[in-house]
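Engineer: Dropping the structure in here first, questions after.
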């Protein structure tokens with residue numbers, strides 16, 4: 001009985017001493033972690049809608065490399081995954097179908113901002129990419145690179161889906 | 001309907017839950033909740049984060065190789081519907097679950113085998129080393145009741161008193 005009491009006492013005293021001695025490094029580590037998390041949040045940019053002046057990659061062989069969004073055809077805040085935008089070609093291959101400076105239509109096939117799916121889960125991609133289409137919605141290029149969401153089927157862009165290699 | 005596994009913590013992702021991230025090489029990362037997604041964004045390795053299944057597997061905390069896991073494996077070819085087969089599967093599920101639980105319990109018991117003795121040993125050591133914090137060594141010499149009871153089996157009472165004297169000195 002006495003022995004058990006003694007052991008309890010000693011344990012309490014130990015923990016107290018340990019807490020005292022380890023106090024300052026503990027404080028330091030917490031501050032370090034906090035700074036780390038801050039830097040991470042700065043590193044991970046908050047992703048938003050595709051709006052005017054957003055530069056997107058072109059994920060087909062139409063000849064354009066980069067386009068800048070100048071108008072989203074739907075939505076007040078901007079375009080999301082699967083929406084159509086009007087864009088101007090900023091960079092193009094020298095002998096492609098689409099020339100630099102032209103105004104084109106495009107379907108957003110990849111967006112870094114998450115988009116809700118029909119079952120309630122969400123999907124997001126690595127970058128913002130677009131497939132150039134004409135006014136009727138037919139793709140200008142003949143190939144589509146990279147993954148493409150299956151939601152394009154509901155948006156009546158079946159042609160893009162058939163051209164795509166990976167459907168996510 | 002398919003129940004996927006979370007990329008980070010390996011828990012089941014039910015339909016309509018979580019978020020999935022599609023990398024540019026079309027690899028899909030599914031996450032069960034924002035906690036796992038955030039940890040992924042922080043580029044943490046699930047094998048080094050203690051609460052994940054991956055960590056527990058790597059460090060031998062959980063049962064890894066067992067025939068009951070074969071039933072839960074991902075199959076790429078869908079099975080053709082067969083009423084009898086479906087019935088049998090539904091009957092087998094609770095049985096397999098029961099077997100798995102008992103095996104896991106056994107694994108845990110095996111893992112915790114020497115635990116009690118180790119704790120006792122540590123407590124004894126702490127008591128021996130830290131007894132001076134509770135009572136001064138000089139006072140302890142006078143009153144030996146605070147030291148650990150020694151297991152000495154002696155038949156004669158006189159000899160026991162002698163032993164006690166020896167211990168005090």
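The backbone N, Cα and C atoms fix where each Cβ goes, glycine too.
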Engineer: Taking B:85-104, B:105-124, B:125-144 as the choices, which stretch does TrEMBL tie to region 'Disordered'?
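Structural biologist: The listed stretch tagged region 'Disordered' in TrEMBL is B:105-124.
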Engineer: Under 8 Å between C-beta atoms and at least six residues away from its ends: which parts of the chain pack against the compositional bias 'Basic residues' (B:108-119)?
Structural biologist: 60-61
Engineer: On average, what pLDDT score does this prediction assign to the domain 'TRASH' (B:6-44)?
Structural biologist: 95
Engineer: Counting by DSSP secondary structure, give me helix, strand and coil numbers for the region 'Disordered' (B:105-124).
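Structural biologist: Helix (H, G, I), strand (E, B), coil: 17 helix, 0 strand, 3 coil.
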Engineer: DSSP says what for the domain 'TRASH' (B:6-44): how many helix, strand, coil residues?
Structural biologist: 8 helix, 10 strand, 21 coil
